[in-house]
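Here is what TrEMBL says about this protein:
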- CYS916-CYS943: disulfide bond (DISULFID)
- 31-177: domain 'F5/8 type C' (DOMAIN)
- 181-352: domain 'Laminin G' (DOMAIN)
- 358-535: domain 'Laminin G' (DOMAIN)
- 537-574: domain 'EGF-like' (DOMAIN)
- 573-625: domain 'Fibrinogen C-terminal' (DOMAIN)
- 778-943: domain 'Laminin G' (DOMAIN)
- 944-982: domain 'EGF-like' (DOMAIN)
- 986-1182: domain 'Laminin G' (DOMAIN)
- 1255-1286: region 'Disordered' (REGION)
- 1-28: signal peptide (SIGNAL)
Amino acid sequence: MDLWRKKEWRIVTQLVLMLFSSFRDMGAELCHSPLVLSLSPSSFRSSSQFSSSHGPGFAKLNRREGAGGWSPMDSDEYQWLEVDLGERKQVTAVATQGRYGSSDWQTAYRLMFSDAGHNWRQYRQEGSIGVFSGNSNADSVVQHKLQQPVVTRYVRLVPLHWNPKGRIGLRLETYGCPYNSDVVSLDGHSSLCFRLSPMQMSSRSLFVKFKSMKNSGVLLHTEGQNDHSLTLELNEGRLLLLLRKGRSLPLSSPHTVSLSSLLDDQHWHRVAVEHRSNHLNLTVDKSTMRVELPAWFTFWGHDQMHVGADQSSNRNFHGCLENLVYNGLNLVELAKHKDPRVDVKGNVTFSCSEPVFVAVTFTGPRSLLILPGGSDPPSVGGSVRLQFRTWNKEGLLLTYDLPKREGTVWLYLSQASLHLQVHKPDRAPLELRAGSALSDGQWHSVDLISGQEHLTLTVDKDEGAQASPSFLVTPGGRLFFGGCPTKETNMECRNLFRHFQGCMRLITVNNQPVDLIKVQQRMMGDFTNLQIDMCGIIDRCSPSHCEHEGSCSQTWSTFHCNCSNTGYSGATCHSSIYEQSCEAYKHKGNTSGFYYIDVDGSGPIKPHRMFCNMTEDKTWTVIRHNNTELTRIHPSPEGGQIYFEYAANEEQLYKMIDQSERCEQEVTYHCRKTPLLNTPDGSLLRWWIGGPGAGVKQSSWGGGLMGSQQCSCSLQENCDDLGHHTNSSVWAIDSGVLTNKESLPVRSLVLGDIQIPGFQSAYKVGPLHCHGDKNIWNAAFFDMETSYLHFPTFHGELSADISFLFKTTSSSGVFLENLGIRDFIRIELSSATEVLFSFDVGNGPLKVSVKAGFPLNDNRWHHIQAERNVKEASLRLDGLPAATQEAPADGHIHLQLNSQLFIGGTASRQKGFRGCIRSLRLNGITLDLEDRARITPGVQAGCPGHCSTYGSLCQNFGRCEEGKKSFSCNCGSSAYTGAFCDEDVSVSFKSETSIRYYFEDETAVKPNRSIISDMTSRAESISLSFRTSQSPALLLYVSSYLREYLALVLNEQDELEVRYKMDSSKDAEILKSKVKNFSNQQLHSVSISRVAEGVTLQIGKHDKEDFNLTSDIEFNGMKSLILGRVHNSLEVNPELAQLSSLGFTGCLSAVLFNSISPVKAALLHPDTSPVAITGPLVRSSCGSTSVNPYAAETTRHLSDQSGSERTGQPLANAIRRDSALIGGLIAVVIFGIVSALVILARFLYRRRGTCQNQEVKKQRDNPGLAFTNKTSSQNGLAESQKEYFI
């Protein structure tokens, strides 16, 4: 029955959704009725008409009366046709035709809306596009569906372009439906108070539309009995949402958010506040913000709402509110019907009236307003007043000549301050300055008042400057606002400054208001390129297109993103400046150190500083937490939980683990009488929590199977307490490496009963180590031009970044293509030396190309980075400078694609790409090319051949070796080590230190003298570096079975000698360098090369020195190479016996004899190399010429991080304190049976269970790395720690 009911509810739910969807679609269709068809001719107005038969009343769609439509007297950009719909309607579409039977039609137009026939608002698609395409003939109908419906009463169409062989001709229709609303008007002193009942709430939301006459004021304020409140308030044209706990909260509180701007434009704006679990969605018009709720806030429990004011301030709202719906309840309707739950304060009306402020918009450098000045200026003074708003810091507001043209006045903006300059011949210029930060988009008032010996410049009524000129600063002729005519010949207007872009209103001259409607009708003054009766200012920073917390600033025509300290770059701070993994850093030639890792590139996850340990075979990312020390656990009856806080946040950890090939973390538990686990079917005593998010309880320890509640000693059946599957009666180390990525990282340890008698334990959780990057080597090989891979549609509407590597032998081909109905995006190799990035978002194709000065079809890897955003498009190729193209300032910005994404080909399967594509990332997400390639004909997964590109990274004779998905540097034939064979291997020598390297097994040579002939050398290559204060000294000696030798000597004169004795019957030949002063503790590099009789010696940067041998050219019977002291004086030639007995004191590094590195063999591979070491041998950095920049950082711990709960303390001191007491007690108790106890202890020590993973973690090739855990699970504790447990 329950199953049947579930099925019933599922069916009902699906039907409801279908009905809702159908109703929504039907509603959209229903709101498409013609609104102009039934109107009378009196509902039409126009700027002018060509004749009575061309009047606006004939402009209905498909009608032929009169001359078949409207045509103005003049065809220019200042003509318009206006329709009064009778009342506010919801308009969803507009259709146009040309004038019937004529060659008159418009090809582009602007659409304007208004509620009262003034203060027009231009309709903009995508927030910036204000131009609609028109007709191509007189009869066809072109209809545009509005992206967002508009509620309006008046519709105005302004033709911008028309048929060049005809005139403007227009018939039109608007489509939509009736609009019902409840409106209330507040005058700045009135308000409403609603008493609400939380128990009656059916939904959790708040909706309201408002039109404000001022830039500040409280829209509404809700509160409850607990004094928690929510306030919606206008502040300088921006909407603030404030969440308060108590009565007061500063505006900078973290529970205050701001959204949108310019909301004081006297147009309707829609606000929605919707509750979603633990956050609110705040919407203003088309912008939505997520607001996280504090834990204490209970919005829906409020029982009072004040509309237009709050109780604690005088910031009353002045304007109109419409359709105020709170949790499904229409509050305006309650107030209109005088509901007893509503209290009315002041003058509240239920209609929306507004003052008439006619504004004028200066759109560009040709914008100009000319007003007449008084022909007889007042002798007592005069004034000019106006209001303006702009985003520009510079611009001319006003200029005019003084009476009788005795001087000129300029009123202008400079550095966002208002300046006044008065120039008069033979007088010093008069300058005044007032105001600051006037380019903030707000309305600012300016008052310029001149009287007898008195001049005042005031900004916003309270900031002013004064002067006392001896002349009147009044207009003597015309006044020029915004600029000067471009073809002014009588020098009446001179503009020394930039033109003004912005809005002006409330202009008065000599206390007489200027009627700008008369200016529009050409009844007074003149104008050029102005928009009258509207303010067309746009906030290009709301919503901000600057990503990743980049700060936005703007001018009238564009915006700018400041990406400083964000970790991102580009016009919109979209692209990360950091690599996505340590692997990526390594393959750019970087060595071990701290790096910022951005795991998702341009995605939302912030970059984080991590340590990269780059070894010869692997690159490890080390992520530490707040307690990696061995920590003792204190007994507690209630147990405890130890938390670990990692240096990376949750998202960074999850992404890092996911993209790594392998992750591991060592866990060590030292215990006595403290079983980790109970019986397999019993309750757990201790466990750990790991994995993403809050983590999952894990019952298996290192070496145990997942979920087994066992460790390795239980599986091997060698635990001393088999009943509890653990070692518990003696001190033991349960240690292992956790490698299951789904269970990492370890987030906490949970300790149950830690009150067992004799309980002693300690824990250590190492850092998280991850290596490999599954993304960077993900590649596919396209074998044919017709082969391709396809993926789901790429969604990069506003920002798109694409990066990948390619190699090919072809001269052209398409890397990537995605199509839409009209839009597209494509990256291709257009020629053997050029890459082309092209796309179209509706403004026409835009192309960006980079030409390389080298062939790109050289079968080597090349890196491409392409980015497209609302400001520009850029393309980078390898290390070449980026090519960029700016996007149109007011064009389409959304890239709308709908086809599949094609990689390596196109939808038409033409111009396909042949070659390899690797590490393809789109908006930070790597596409799995290999997975698709495995199931796609003509495409192969993977792409070998990396050494041709990256082989140069292997230094110092290191050899690049190809891997399945990568490459590595084999340092076997190099004297260096490290990821790129660039890490110096140096040894500090004492006088008794000696390193002997045997060329052959000495025991095999003596019985068989014929082998000696195989150890003959006709050429040697020797290089080394040294520093010493000793002179004389023997640096290097190569012995022979035939009493021949080669030696490198510092003589008593502190000169370097190379001695060759290749004929036992002759004296040694001494090759002496001209360079001196070697025993100065400075590092000296020496390179010796011999081929037959020719020897070349190079010391540091000195010139090469050439020598010729005369005795012989073969070095026969080579036996061994000795560094340092020669302890057996019999094998040294007598002439060097005394010198060899002194030994060598100093540093030797990077020693290489042909392909043999004796120092490296002695230090790193002493057990597997034919070396013999005598005396102390200490690795040193004495051979390094510079200080390692990461040395200080690699030894830094994160123990200063706070915020974790610990139940123990580090054992560094506790071990020493407790070990003496425990050792003394044990000595007293077992003194008589010490021999037997020692035998038993040894036996148990060998047999103790060690929870060790089957895969032993390889030793990192960086012994100086502070993060490497050297406590092996096989070796137990370090010496200082072992003392505590014995």
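Cβ from N, Cα, C; glycine included.
Residues 583, 586-587, 589, 591-592, 614-617, 619, 777, 807, 859-861, 916, 1023-1024, 1149-1152, 1155, 1157, 1159-1160, 1164, 1261 of the same chain lie 6+ residues outside the domain 'EGF-like' (944-982) yet bring a C-beta within less than 8 angstroms of a C-beta in it. Highlighted: of the candidate stretches 31-177, 181-352, 778-943, 986-1182, 778-943 has the greatest count of Cβ pairs under 8 Å to the domain 'EGF-like' (537-574). Contact between the domain 'Laminin G' (358-535) and the domain 'F5/8 type C' (31-177) is supported by 3 or more Cβ pairs under 8 Å, counting only residues 6 or more apart in sequence. Listed stretches 31-177, 181-352, 986-1182 were compared with the domain 'Laminin G' (778-943); the greatest number of C-beta pairs under 8 angstroms is found for 31-177. Residue counts for the domain 'EGF-like' (537-574) under DSSP (helix as H, G, I; strand as E, B; rest coil) come to 0 helix, 10 strand, 28 coil. If you take the C-beta of CYS943 (disulfide bond) and look for same-chain residues 6 or more apart in sequence within under 8 angstroms, you find ALA779, ALA780, PHE781, LYS807, CYS916, ILE917, ARG918.
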